[in-house]
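**Student:** Reproduced below are the annotations present in Swiss-Prot:
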BINDING   171, 172, 173, 174, 175, 176, 177, 178  ATP 1 binding site
DOMAIN    489-701  domain 'ABC transmembrane type-2 1'
DOMAIN    798-1043  domain 'ABC transporter 2'
DOMAIN    1115-1329  domain 'ABC transmembrane type-2 2'
REGION    1-22  region 'Disordered'
TRANSMEM  507-527  transmembrane segment
TRANSMEM  541-561  transmembrane segment
TRANSMEM  594-614  transmembrane segment
TRANSMEM  626-646  transmembrane segment
TRANSMEM  737-757  transmembrane segment
TRANSMEM  1134-1154  transmembrane segment
TRANSMEM  1173-1193  transmembrane segment
TRANSMEM  1218-1238  transmembrane segment
TRANSMEM  1253-1273  transmembrane segment
TRANSMEM  1279-1299  transmembrane segment
TRANSMEM  1307-1327  transmembrane segment
TRANSMEM  1362-1382  transmembrane segment
């Protein structure tokens, strides 16, 4: 490879300092040399530049204090053309170190006889996690009946990854590539059984810290969505530190001073800036942004599924950049090219190759579909299959090895594709080269034996048998420190990030505070001047107001739980990388929430204190603020600890709800301490709410205004406290405050310990390939024979002219993403849509298909010669999205069956639909996994490439006339991509219109297309026309442009096209390819052809469908209910946890209120019974509402996809979602009756039992449906949870428990009637005691129970019929609102 040209790059050369400003540089350098070492290594001669690129005079500067603009402009000038100038930069750095005689540290990785095994559970039948299976699995832990087996992932692999060389890791999915990368980087899951030896420079993992010596780039993109790309890289670079750069810079500086060498000022400035540790921002970040092509989105937030952000390809590059921004030189990289075009992949790997060769790096990269040019960048190659290494040696010799085995790679065939297919039983025969000998399948074990006997194999075994020569020099590259920064620097960096995340989530905190002010305003007017009357009755109301304040602030901490769980995955990744210890993450999380806790406590007290009428002394006001502040702080600490311990949304939410129940029930208000069983009194002392209750009540009732003496020779305040069991003396306030601070410290300690010691949750399961070689029969996919079930369809032409698309930027400006795009997609023609990353390919597909939910679209789009009608178009088209969105709890076959059921016309029989489903399963080679659960990406279920094939299959079964496919081969290996594209080609040959965006096509895949639309950045077309035989037409077009380099023989034309049309190539040529196309004859011909196509299409009948949906409303509902039933039944984490929670709550109430309902002698007995009802209703409802939010939110993105495809009316979906909840709520209600009814001692009669069952059943439905409604009216679960907390506060306040109906001010009585809990509690209490005529002692006077209910609570027995109607009306209303809003609102931003 020739050295690149460096014209135009303004490097100051040491050998040329005499020219220009040489004397000035020397004199300035002398000043730097006189500085102390600590200052000299951060001081350089830096040339400032302005935004126009104009340079000022060089001056001595501290490079640790460079501004953002200085760093960006410096890197822009240093690296103008990435591939060329990066080599020059690294070469100059290497020359500088060589001149002073410094050897760069290097690492050789050896592994010998490495075995990795995983334990798996053996189940009978389908291993699908249903409710029964989950219960059986839990029970098997106690019965020891669980059967386990072992799966071998790696089977005795050995090899050497050498420095200065870049090694490619190839193999089919499931062969063990990821496990090998994890094993070599020291990141294997401890639960896996490992045998064998891995060493770095002869040192075992126990002698150093492998996580800090090597980097593993995961294939899962896991980032904090609120951070920008630059902030993500800066944070990673800060914690990875400078490694050996700092010491090396000191040594270079010392030796240069001794030799009198004046270094290149730019290189010196770069090296010194890159060696700075612990800085908030770093020049290395700008360098990584440049070489990865992320400069354009550097200040864009990463985003996620619910928040706009960077593209999938950019996210993939960010994952790579996050690992290589540090000083680590041993890199293990897992499928880093997913979602990237071949040109970008080539550019990134070229830079990595230069790094390996010039900086002594050791790099092992696994790729799925490397283009020939990318393939040739590698020095060595490891080919794997079935957990074994087939070949390990120089890349140049692998073809000759397989030729010796009898297999030859054809011309114009990518070697990487050949290697992955030649080891496959299905594809091997086509490469047999000994035509004079009969072909016989050569197994992987046979290949391995032949390699071991070859010269390369013998040489490898010989090297591995020799003991590595350890020396101190070779150990310099090994890191023995876990963390790169000091404790203080780690704390500061984590605090900076936490504060930034709080700023980015400021809307949530402001919104939460706004809701708190709203609820506080309601509460203060409900309890208006309650404290102005001093008697036992009003004291009871005042206690209710204090309890409500505590419950509100307790529930206000719940959003902290969801926030903790949502960030735990990123924390675990960074902890495993030894970015920082758990305490550095935990302490800022706790400390920075203190001001928020204080603010919310102060706001609440300021609103309510004097309006309600508490003791007016200023000191008591401050003490109430302090108690509420301490409670709020302890509660958010508790929820944070729960999130860290359990880490699963459903489980953590359920545990959070259980915690609220325990804290509330043992808090001293719902159940008085004297009324608790003696053996459960410890619960009172373990509840933070108890101490808050003690603190607030002692602060209030020991005030002067409550010192009125009663007949019992006690103050009124003491009498009130004694009645509640809260009289612990005046000094108890500070004891309570201290206890709450102690709880805060305890929960934060638990939080830190959980983060430190608990295993990473939700780690992806190990996927191993099935041994297809042992199958008795081979199922060969004969694509040509798949026409037996072909269905009639209408061939359609799709034309678009002068399409433009604009979006509005945050600054209020319009940004154009598509510019005058014109083209046509014709029946039977397979069209490729190509371009560099960010060119607008996906944007164009989204605009043409009508999927954009924002922005301004201009231009003409026609289907069949008529203006596109979206309802009709959605029915006749299919869209395979880039991101594979599916229901996680269906199997692969059920996903296809569901799609066929709803999208194929209703006149097609069920047998035909099933045949089509089976045919597509066979065509896309999904038959072997048809009974596998789809699962959640990266956590469970099918692999990424199987998920991609499922996405395509789901669209194929719908028999569309037009199919849009966005990156259908992304994430697939070469063989799987070929399978998919054969199926796609076959579809196009049936006369359908097929369009695919594609990033890294092989020669075979690329030339399977008939036409090509090529785009450049800015959404402009630079070529639209036929490919021609062997891509001759498109090659001829670009070769006609002066200066375009020729295509090398047997090279991939797709890679060549992307390379010559990149931005850097355009700049070199000095042309605008879009303008050249618009001025070309081809463009004029295309315009004529498009017009002719339109005119021809106009002669056909307009496509009119009889209905908006393929199926009747009844069929839609049946299909949706079938799917929802399966999804719920197979979701034990949702249903089992809420059932367990119901059992727990009922048992707790049964124990605490044991037989309390049998004897009612005074108002307190009635209050106890009412408390048990309140506890079950409110807290079981809270848990149901919380858990259903995650369940519905998981399916919402799937719903958006299915709704766009016009699979069903939203009413059919919502009705099924509503009805599927009923059996589970029914079961929970039965649990209540079975446990609570006999334990509490309610009256046994059919009427009363039914009323209890009916009231609880309606209550559960109300909370379930309200949770579902919250999901569809909010953009994400964090907002939903914040609104949910306010809903709890309102239904608690107006339930009639803390403030009975007769005492609610008339201006708020309408809220009482709107609160569902008030009707539920009315039904429960009135049905039990509304007809009781027994006299009791109530507040010093005798009253009948029925009269007391009417006077105190406002409950009348003769109103039960109205209560029954209202109770069923609430769930119907909420379900209707859910159905309405799910059809109207769409928070998916496209």
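Quick reminder: no glycine exception, Cβ is built from N, Cα and C everywhere.
Quick caveat, the model's predicted, so the values are computed rather than measured.
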**Student:** Which value does the mean pLDDT take for the domain 'ABC transporter 2' (798-1043) in this predicted structure?
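**Tutor:** A mean pLDDT of 86 is what the model gives the domain 'ABC transporter 2' (798-1043).
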**Student:** Do the transmembrane segment (594-614) and the transmembrane segment (1134-1154) come close, with at least three CB pairs under 8 A (pairs 6 or more apart in sequence)?
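**Tutor:** Between the transmembrane segment (1134-1154) and the transmembrane segment (594-614), which are separate recorded stretches, there is no contact, as judged by 3 or more close Cβ pairs.
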**Student:** Would you say the transmembrane segment (541-561) and the transmembrane segment (1218-1238) are touching, if the rule is that at least three C-beta pairs must lie under 8 angstroms and be 6 or more residues apart?
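**Tutor:** Not in contact, no.
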**Student:** Which stretch, 541-561, 626-646, 1253-1273, 1362-1382, tops the Cβ pairs under 8 Å count with the transmembrane segment (1279-1299)?
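**Tutor:** Answer, by Cβ pair count: 541-561.
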**Student:** Quick one: do the transmembrane segment (1307-1327) and the transmembrane segment (1134-1154) reach 3+ CB pairs under 8 Å, ignoring pairs fewer than 6 apart in sequence?
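**Tutor:** Counting Cβ pairs under 8 Å, fewer than 3, so no.
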**Student:** Mind giving me a neighbour count for residue 175 (ATP 1 binding site)? Other Cβ atoms within 10 Å of its Cβ, every protein chain shown.
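**Tutor:** 29, counting other Cβ atoms within 10 Å of residue 175 (ATP 1 binding site).
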**Student:** DSSP three-state call for residue 178 (ATP 1 binding site): helix, strand or coil?
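**Tutor:** Going by the DSSP assignment, residue 178 (ATP 1 binding site) falls within a helical segment, counted as helix.
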**Student:** May I ask which residues of the same chain, at least 6 positions away in sequence, place their Cβ under 8 angstroms from the Cβ of residue 177 (ATP 1 binding site)?
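**Tutor:** Counting only residues 6 or more apart in sequence, the Cβ neighbours of residue 177 (ATP 1 binding site) under 8 Å are 169, 171, 334, 366, 384.
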**Student:** Let's check the environment of residue 174 (ATP 1 binding site): how many other CB atoms sit within 10 Å of its CB?
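**Tutor:** For residue 174 (ATP 1 binding site), the 10 Å Cβ neighbour count is 20.
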**Student:** Among the binding-site residues 171, 172, which residue has the largest number of other Cβ atoms within 10 Å of its own Cβ?
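**Tutor:** When each Cβ's neighbours within 10 Å are tallied, 171 tops the list.
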**Student:** Of all the binding-site residues given, 173, 176, which residue's CB has the most CB neighbours within 10 A?
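**Tutor:** The residue with the densest Cβ neighbourhood is 176.
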**Student:** Restricting to the same chain and to sequence separations of six or more, state which residues have a Cβ under 8 Å from that of residue 178 (ATP 1 binding site).
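**Tutor:** Once residues fewer than 6 apart are set aside, residue 178 (ATP 1 binding site) is near 219, 334, 366.
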**Student:** What does DSSP call residue 173 (ATP 1 binding site) in the simple three-state scheme?
**Tutor:** coil
